[in-house]
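**Student:** For 20-41, the entry in TrEMBL reads transmembrane segment. Annotation comment: TrEMBL describes 51-172 as domain 'Protein kinase'. Marked as ATP binding site by TrEMBL: 83.
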């Protein structure tokens, strides 16, 4: 009798270890799907309809940047910047572009440009964000640095203004 009991035990241990192998395989397959589903659910997507393109502002890393108006539900029409991805860009570039939006989505500070929405429909990939009326900070400062101002209408940025900008950058 003892010999038959000991012969069955390895079969039990084998099926028990197989259970854990299958469990680990299932976990490895399901966890990424859950993460993708949560990420997809959290991504804000809108149709292109509430966006009105006004003029081109410049060129970004992935494509052109436009000034526009976004008809946002509950807030009315808002001036916005619309970043686009060129049609000839790869899927990896589009993914990097959307990762930028994912990072922006988590910033909720007064002095940081806010993400308004993301468009990922009809082959369009757009990031809609607040419009900076005076452009980006780097271009603004470079155009107004001391002794570099050629246009008499543009004044260089005074030390007090520079200190205020420094405080705002540090704040948020």
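Numbering starts at 1 and runs along the chain as it is shown here.
Placed from the backbone N, Cα and C atoms, the Cβ positions cover glycine too.
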**Student:** Cβ distance under 8 Å to the residue listed as 'ATP binding site', same chain, sequence separation 6 or more: which residues?
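**Tutor:** Listed in sequence order, they are 60, 62, 63, 65, 97, 126, 127, 129.
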**Student:** Let's see if you can do this one: DSSP helix, strand and coil counts over the domain 'Protein kinase' (51-172), in that order.
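**Tutor:** The counts are 35 helix, 37 strand, 50 coil.
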